[in-house]
Every structure is written in C-alpha cells, then in structure tokens.
Amino acid sequence: MGAGGRTSVPPSNRKSESDTIKRVPFEKPPFTLSQIKKAIPPHCFKRSVLRSFSYVVYDLTIAFCLYYVATHYFHHLPRPLSLLAWPLYWAVQGCILTGVWVIAHECGHHAFSDYQLLDDIVGLLLHSFLLVPYFSWKYSHRRHHSNTGSLERDEVFVPKQKSSMKWYSKYLNNPPGRVITLAITLTLGWPLYLAFNVSGRPYERFACHYDPYGPIYSDRERLQIYISDAGVLAVCYGLFHLAMANGLAWVLCVYGVPLLVVNGFLVLITYLQHTHPALPHYNSSEWDWLRGALATVDRDYGILNKVFHNITDTHVAHHLFSTMPHYHAMEATKAIKPILGDYYRLDQTPFIKAMWREAKECIYVEPDQSTENKGVFWYNNKL
C-alpha cells in the first residue's frame, strides 16, 4: 500500500539512515518568512473553487463506487473471495475517505476557496460525515499551527519530558510494549484526543472537543462548537437508523471499519509529521513561531501521497503557509527547499518502518547536557 518510496526517486539519491536522523539546525534561521514566501510563485497562493470542488467530487465518486460494488456484488462472491474482498474494501475505502478528511482539513485552514462561509459549510459536511466535530477541531488545530514545537502551548502530540514519564513507561519500552502502544494509538488515539485531550496540551481543567465551555475555546467560538456537535449527532442518528434497517454488522462493514482506517491514518500521519529524532522542541525561553513551524518533517507514503492530497510530503510548506491549497503545495515545496537548506527535512523511510523507529527512539524529550541551549529539547529513549 505504498509503504515504499516513490519509484521516481532512484535509490542512489536517497539519504542514508544517518543523514535522515541527523539533527536539523535549531538556531534562529538566517532567512525570514517573507523571504521564503518570495521564493514561491504567486499563483501557488491562489484558491480555485472549481478545482477544489473537483477533488471533492473525485473522492466522493470513488467512495460511492466502492460502496456500490461492496453492497451489490460482494454477497455474490464465493466465500473465500468474499473474505478477501471485504478487507480490501476496508483498506481502499479508508484511504479514499482519508483524502476526504484532508479536504475538510483544507476548509478548516481557509485553503479551499476565497469564501470563508463556503469553506466552513463544506468542511462541516465532510468532517461531520466522518464523525469529526469540524469547528471544534478547526480552532484547536489553528492553535497547533500557532504554537508548533512549543512544549508549553502546542496542542497535539506534545512530547513528555523525562521527569514526567509514568512509572510503567519502562515496561512498555520493548517490542511487545511498542506493539501494544501503537495498536492503542492507531485505533483509539483520535477519539481519545477528541473526547479526553489525550496527547494534547495540558489545561488547568478537563478539556474536551465536544464541550463548548471547555478551556480549549473562547467565548466567541462556543456557538460553533454546538454546531459541530449537532453535525456529529446528526450523522450518528443516521447511522442508528441504518443499523436498525440493515443491521449493525452492515454498518460496521460498510462504514465503521473504513472509519477506523481513516482515524488510524490521521493519527499516524500527524504523529510522523511531528515526531522524528532530528526535530527539536522548544520551551518558552527558546521558542519562536518560525523555528516551531520548521520543526516538522515531510514523509513519503508512496502512491498514498496522491490519495492523501500530498498532506504527507508537503507538510513543512503547509505549516509555513497553511492557507495555500494542497494542489499547489508540491510546487511550493520545491521552490522553498533552496531557501530552507538544512532546515528542511524529508524522510523517505517507508512509513511502517518509520513508525516503528519513532516509537522506539522518540520516547521523551530533554535538553542536551553538553550544550548551553537548555531551552532546546531532543528526543531520547533511555529510561
């Protein structure tokens, strides 16, 4: 499923493992955001309603065709083939719906069109269909972009410092423990984050994406949190009636398992974008927005890069210019590489291998004892 690198990249051009995990510079960069922006062709910042909607139609058409084939033809297959057909459907449909999730993510960044209301309507419909509270996530995700790499203020996959590691962590720092941790993270990580802020920024009281009066949101955002909740509840109501009409097993096979795949990929993509041995994190004494935005990594998911609308391999550019539409991000990434130099990191390690490596190497963060930069933190795994 595209775990390998792109076929267009000759193996000889790939970086070695040591080059891949070599630390990126953590000093203030010798360039500014405006200099980076000037290197990008101006048309890359232009948003097209028609082009953006073409991706919605494309993805939803494929999703519907997969649904139609599964529900109209799979039951005619002999049993051995039907047992193979359903897992194939789950995997492919999950990947396609991950692409739909990414388009809704574009809407949350106002990268879909020039019209904020249109972006919010499309994003609300698409994310609600995938049981995501659109506005709730939109606002917490915006704060993630505003505070990337900050140990105090980032919103998601905030690494723990060694002093705050739980007593049982050392018992999970082994192959069986990593399998258990990854399995729980990929299957339950997304709903646990939404409902209980697991892996998110610590707040002074209980934080939940479904709570309009939670500490994540300001007073002016609370009404839209109610709208997000209503969207999710409406889809749940529809799923309930589908289960009553067709059976719970039908809903799980057609919708539930592909949604698990979507949630798993969402967590994996985000985890690998912000967890890497080469990336620094900063406390308040060192953090600034540009260094934080550069503390992320582009990944290679093979053919899935296109299926996921290149959210995987253009993430650095996305953090620098989040209102840029995804269909210009590859061109923009190519344009900014010469400016960023060593501050840019692309890791073409197959994503399954990278997931295992990061789960093994990136347990907590701590500053280097041998340097004077005590506000710069790096991943370590020695418990």
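Here the Cβ of each residue, glycine as well, is placed from N, Cα and C on the backbone.
Among residues of the same chain six or more beyond the domain 'Fatty acid desaturase N-terminal' (26-66), those with a C-beta under 8 A of the stretch's C-beta atoms are 89, 92-93, 96-97, 99-100, 103, 106, 111-115, 118, 122, 126, 280, 282, 286, 288, 290-291, 294, 309, 320-321, 323-329, 331-332, 335-336, 338-340, 343, 373, 376. Here TrEMBL flags 26-66 as domain 'Fatty acid desaturase N-terminal'.
The domain 'Fatty acid desaturase' annotation in TrEMBL covers 85-345.
What TrEMBL lists as transmembrane segment is 55-74 (among others).
Residues 1, 52, 55-56, 59-60, 62-63, 66-67, 69-70, 74, 112, 122-123, 126-127, 129-130, 132, 134, 141, 253, 257-262, 264-266, 304, 307-309, 311, 326 of the same chain, all 6+ positions outside the transmembrane segment (86-105), place their C-beta atoms under 8 angstroms from a C-beta of that stretch. Residues annotated as transmembrane segment in TrEMBL: 86-105 (among others).
Feature annotation from TrEMBL assigns transmembrane segment to 117-137 (among others). Long-range neighbours of the transmembrane segment (117-137) within the same chain, counting only residues 6 or more positions beyond its ends whose Cβ lies under 8 Å from a Cβ of the stretch, are 49, 56, 97, 100-101, 103-108, 110-111, 194, 209-210, 216-217, 221, 224-225, 227-229, 231-232, 234-236, 259, 262.
As annotated by TrEMBL, transmembrane segment applies to 177-196 (among others).
Per TrEMBL, the feature transmembrane segment maps to 249-272 (among others).
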Secondary structure tally of the domain 'Fatty acid desaturase N-terminal' (26-66) (DSSP, helix then strand then coil): 28 helix, 0 strand, 13 coil
